[in-house]
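Here is the structure we will look at, set down as structure tokens.
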Amino acid sequence: MEIAVGRGLQVLAFSGSSFHGKTSVAVKSINWTARTGPSLRPCTTVVQAQQRPIWLPGLDPPPYLDGTLAGDFGFDPLGLGEDPESLRWYVQAELVHARFAMAGVAGILLTDLLRVTGIRDLPVWYEAGATKFNFASTRTLLIIQLLLMGFVETKRYMDFLNPGSQAKPGTFFGIEAALEGLEPGYPGGPLLNPLGIAKDIKNGKDWKLKEIKNGRLAMVAMLGIFVQASVTHVGPIDNLIEHLSNPWHKTILQTIAASSS
């Protein structure tokens, strides 16, 4: 049977987007004409290609962000990660800031809720640092915090430079086995991973993605809490209660307008 392809060729392309973490799909529809004997027959070929989700659909991510990192959506408008060593450091820095932000948001909201409801007599979060304690002076607490945090952060930095070096016997007061260093940034073990989540950290991509997404959201929330405190001079629960008391007239726009007047 003789088949001849016609001269006309039309290509229609459609690129799908990524929703709810699903991978976007690029679809190309190719319309062409084939001659089968004396007759012409229109034909359509549809080609699908899976693409990774990126922060702006249709934008090509930089080559050094190839999707292997947790939470990599190709976002680096300033090109900070072009150097591989700098990218390694930025990954660890974001992870640590994300964890501090998640702990900070949870602590601020919990203590503020206890304060507003009257369950505990606590200061508003931005005045908590000025609280005096009977068991130790502020200077003593500061020195202890600097020593403990300095020790832990130094160990973390040493493990970053030489992965696995801080899990060797005798490097952490004999409790190295309880930490079970998995990889830089993920110490694990019964002390820091008591529920045993993602013990196989190499295959724990879903848990890493969930952590970094929640951490990024917490960092944005912390920025919002800082701005709220600077503008309104009250805690986040007080702001929420005031907004709910009159949702149409107690919004961020009215608050900013009142503070600037």
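Note that the numbers count up from 1, one per residue, in the order the chain is shown.
Backbone N, Cα and C atoms are what each Cβ position is placed from, and that goes for glycine too.
Noted in TrEMBL for the protein shown:
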| type | residues | note |
| --- | --- | --- |
| BINDING | Glu94, His97, Lys210, Glu211, Asn214, Gln228, His243 | chlorophyll a 1 binding site |
| BINDING | Arg99, Leu179 | chlorophyll b binding site |
| BINDING | Arg216 | chlorophyll a 5 binding site |
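Sequence features annotated in TrEMBL and their locations in the structure.
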| residue | record | Cβ contacts under 8 Å, 6 or more apart |
| --- | --- | --- |
| Glu94 | chlorophyll a 1 binding site | Ile212, Gly215, Arg216 |
| His97 | chlorophyll a 1 binding site | Gly215, Met219 |
| Arg99 | chlorophyll b binding site | Glu211, Gly215 |
| Lys210 | chlorophyll a 1 binding site | none |
| Asn214 | chlorophyll a 1 binding site | Ala98, Met102 |
| Gln228 | chlorophyll a 1 binding site | Val234, Pro236, Asn239 |
| His243 | chlorophyll a 1 binding site | Lys250, Thr251 |
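Here chlorophyll a 1 is bound by Glu94, His97, Lys210, Glu211, Asn214, Gln228, His243 per the record. The longest Cα to Cα distance in that group is 32 Å.
There are 20 other Cβ atoms within 10 Å of the Cβ belonging to Glu211 (chlorophyll a 1 binding site).
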